[in-house]
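J.: Please find one structure pasted underneath; my questions will follow.
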């Protein structure tokens with residue numbers, strides 16, 4: 001608890017700027033990654049930066065995956081590479097509607 005509540009006196013909330021998903025959201029709904037961010041913040045609360053980086057690594061990785069979707073993008077890239085490889089080898093033929101050859105519409 002701070003001795004002098006400057007944020008409260010000025011009417012600003014710096015904490016909400018630091019924590020992205022916890023800010024007030026439009027229509028009063030929680031943000032997509034709010035749960036992951038909350039777990040990460042609760043894990044690191046009171047530990048200190050160095051210790052929190054070590055002990056809360058899993059929560060941080062989950063939060064970053066929710067925000068950036070890097071693992072998902074890598075997985076999709078791998079699937080598309082495998083599909084292209086199978087097409088090249090002749091083991092897979094994509095449907096016509098995936099190749100842009102649709103039936104003419106009336």
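Yeah, the Cβs are placed from backbone N, Cα and C, and that goes for glycine too.
Note that the structure is predicted; figures quoted are calculated from it, not measured.
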J.: TrEMBL tags one of 63-84, 85-106 as region 'Disordered' - which one?
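T.: Comparing 63-84, 85-106 with TrEMBL, region 'Disordered' matches 85-106.
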J.: As a quick check of your reading of DSSP, tell me how many residues in the region 'Disordered' (85-106) are helical, how many are strand and how many are coil.
T.: 8 helix, 0 strand, 14 coil
J.: Starting from the Cβ of residue 56 (disulfide bond), draw a 10 Å sphere and report how many other Cβ atoms land inside it.
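T.: Taking all protein chains shown, residue 56 (disulfide bond) has 19 Cβ neighbours within 10 Å.
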